[in-house]
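> As annotated by TrEMBL, Mg(2+) binding site applies to GLU71, ASP89, ILE91, ASP92, ASP211.
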Amino acid sequence: MSNNDWDFIANKAENIVREAAQLIKHSLQTELIVEYKSNPNDLVTEMDRKIEAFFCEQITNEFPKHYILGEEGTGKDLNTLDGTVWIIDPIDGTTNFVHQQRHFAISVGIYEDGVGKVGIIYDVMADELYLALENKGAYLNGVQLPMLKEAKVSEALIALNSGWILKDERLKDLVSKCRGTRAYGAAAIEMASVAANRIDGYISLNLSPWDFAAGAILIKEVGAVISTIDGKELDLLNNSSLCVAKNGLYQELQNDFLNKKG
Ligand code: 2AM
Ligand code: CA
Ligand code: CA
Ligand code: CA
């Protein structure tokens, strides 16, 4: 596919995201049906499912040959990234959506044969749309985000969910040595916040492809580093841990905290 095609696809994707955001905003005026999935803290609402269905309908109409992988069940049997694949989280931060009515995002990563081409993260209530295009940079509401400078642990703000800190000694050590921690409760917003230079890194012990598919493209375009916490390349078809950080900070996290030798 040529560059023009990707501009066309990115434009369509952005339009679908903005339409989906309007549907989510309207839903906040009515009472939502909330259920839970794997446990009572793993929430899902009718809107998570409706928005994923809306994406499927729009994508299938416009691009019938594209594949879709989504959190709420679309493409659950997909076992290859061959072709063009849209990896979608209709609402990232459902707990925030239910409890706070803000701090949630729509996340869309579009991949071709496993290579990230277009990443969109839209923080709906903040009206902040992050767009990344492979080798063409990352943008926040149309303004290009600068390449990130190096950082170090002693001066870093790191996004970390407190539940993970309780579970992992390596994170306790990190918490005691970094400048501060933050927890936004939406992986896509946490990754976008690294890209926008609002925080310096983000670590999670378990996420799914739709949580990081768009963010991974954004992070590469601003010159930061992304991998599993063991330093391995991310797998877009399976769950994994995540370590995102500015240069320098990333190497320090890997060598002195997450994979310390001896
Ligand atoms: P979600 O809101 O789309 O489910 C919360 O810290 C972050 O982790 C959110 O981005 C959330 O995405 C994600 N997450 C992944 N698996 C989760 C789970 N089993 N329960 C709650 N949040 C989960
Ligand atoms: Ca979920
Ligand atoms: Ca998610
Ligand atoms: Ca979700």
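Just so you know, glycine gets a Cβ as well, placed from its N, Cα and C.
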> Which residues, same chain and not among GLU71, ASP89, ILE91, ASP92, ASP211, have a CB within 8 angstroms of the centroid of the CB atoms at the recorded Mg(2+) site?
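Going along the sequence, the neighbours come out as ASP48, ILE88, PRO90, GLY93, THR94, ALA105, SER107, ALA186, ALA187, ALA188, SER208, TRP210.
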> Other than its own, how many Cβ atoms are within 10 Å of the Cβ belonging to ASP92 (Mg(2+) binding site)?
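For ASP92 (Mg(2+) binding site), the count of other Cβ atoms within 10 Å is 31.
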> Could you tell me which of these binding-site residues, GLU71, ASP89, ASP211, has the greatest number of Cβ atoms within 10 Å of its own Cβ?
ASP89
> For a quick check of packing: other C-beta atoms within 10 Å of the C-beta of ILE91 (Mg(2+) binding site), how many?
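I count 29 other Cβ atoms within 10 Å of it.
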> Helix, strand or coil at ASP92 (Mg(2+) binding site), per DSSP?
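Reduced to three states, the DSSP call for ASP92 (Mg(2+) binding site) is strand.
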